[in-house]
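Participant: Before I ask anything, here is the structure I am working with.
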Amino acid sequence: MANTEDSLGSLKKQLAKLFEASLRVTVPTETDVEPLVAACTGNFGDYQCNNAMSLWPRIKGKGTEFRGPPAVGQALMKNIPSSEMIESCSVAGPGFVNVKLSKSWIAKSIQKMLTYGIGEWAPKLSVERAVVDFSSPNIAKEMHVGHLRSTIIGDSLARMLEFSKVEVLRRNHVGDWGTQFGMLIEHLFEKVPNWEDASETAIGDLQAFYKESKQRFDEDGVFKERAQKAVVKLQGGDPKYRKAWTQICDISRREFDRVYQRLGVTIEEKGESFYNPFIPGVLEKLGNLGLVEESQGARVIFLEGVNIPLIVVKSDGGYNYASTDMTALWYRLNEEKAEWIIYVTDVGQSQHFEMVFKAAKRAGWLPADNNSYPRANHVGFGLVLGEDGKRFRTRSTEVVRLADLLDEAKTRSKAALIERGKDKEFTEDEIEKTAEAIGYGAVKYADLKNNRLTNYTFNFDQMLSDKGNTAVYLLYAHARICSIIRKSGKDIEEVKKTAELSLDHPDEHVLGLHLLQFAENVEEACTNLLPNVLCEYLYNLSENFTKFYSNCPVIGKPEEASRLLLCEATAVVMRQCFSLLGIVPIYKI
């Protein structure tokens, strides 16, 4: 394994090592030049090195032997160390060095992927532990479509980091502390006299329960006063109020878990109440650094370039989001020793997190340079819209419950399977599992394939279509590949041991190269926190496979064994992409 490690993983990185050696020889005086390697889009090659243009202004007039960027490009090409990876090189235009990779090397690398496992193609990141803070619903409120993006995007980012051998602390920063609990507890005491034994049935619909208590809080002055006193008792540690609070939280948590189970999401709750005891100590630390100032009765941190201060203690002496978020950041850096902290919330909270991070930099908790570690990133995302272009809601203008939405996706998927007669071929359990994989996968993929910063329109018909860039199309493509391997009657594990892969047809070469670009695409998605990069890669992989299969018959042909290996490698890479997106593959359709 040690001998092969350099020939595994990102093609970009492997080529960058070769061009780094060339740069040291070509321009030995320019020691801080990083190789600029990118995949080619034209027909000149597979990759290109783009250093010549940017090098020329640096070396011009320093007595260099070169007479312009093309000559620098020629020298870079000449000085590349010998490598079986490269078939040929050429220089184009103002010094672009185009590289064509060896077909036999690509074929050998794919066979290594099948032998050693795709895990060896995981990105090698410079962090060991990260916190991904995502989902974050509020206790006693239903999870709705507004939480969908945070949960799906956060889970996908956590999966990518975990695949990259990073220890990920998946954190659910739920809203489980604050003034609303006074009204909820008082409403519980009145509505359910035997509240200590109350179950979900006694409380009924949590959303309705919340609305009833909020209405009373807004309209009934006596109730409002009792609710405000209840908050003081709760936060003062009164056992009766703490118990009622725990009761409400537990019922709400079970509601959340039903959604997480459907989505296949694992997450550990550390809500606002968890950080509450640490707030005074953290504020004292910030005060000792001279960061906290009095302003209009509140305690605030002033930040350069921001026209409003970060309020860390309200004028009534209470804490707020900023108090909790500063404390959570301190805890994650100092107690949990996280090197990268990623917050997945809607773009509306961008300024809040920008201010929290600026305050942390002033405190010396985070480095001034955004690219150094430890670092914190806010992963913002746009809205989910309805067909009318407005925020996605039900006909009664309520926000859409996430559990209902997922159930609807599964129901529609099941109906489509039955319409195609699959209930005659599949067992009931297979129908259920396939409908779940397709329905939930469709909802996830429709979200993740968009750049997360943009809004997207929620449309069941589009996301459940088996044509175009949808999860259904991709899941069916994977199932078809599995079907080809099954129909061959060959034991694929035996084929892996005995057959040799060759890429003689142009469509085999295109597919083979794309398979090996898996690593750099995962790395880009991971480092830039953009799952849509991986979705685009997966869709293009499926398209390349379709073209290959249309022009390169597999079963019963002289190339059968080699092409079965290419089918298997495609299925392996697709499954890993599905796994990183939180989608369950299907094997027959």
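Heads up, the Cβ atoms here are built off N, Cα and C, so glycines get one too.
OK, TrEMBL features for this one:
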type: DOMAIN; residues: 13-101; note: domain 'Arginyl tRNA synthetase N-terminal'
type: DOMAIN; residues: 474-589; note: domain 'DALR anticodon binding'
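So that I understand the layout, could you describe where these features sit and how close they are to other parts?
Facilitator: In terms of DSSP helix, strand and coil, the domain 'Arginyl tRNA synthetase N-terminal' (13-101) has 33 helix, 19 strand, 37 coil.
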Participant: Average the per-residue pLDDT over the domain 'DALR anticodon binding' (474-589) and send me the rounded value.
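Facilitator: Average per-residue pLDDT within the domain 'DALR anticodon binding' (474-589): 97.
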Participant: What are the DSSP helix/strand/coil residue counts across the domain 'DALR anticodon binding' (474-589)?
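Facilitator: Counts, helix then strand then coil: 86 helix, 0 strand, 30 coil.
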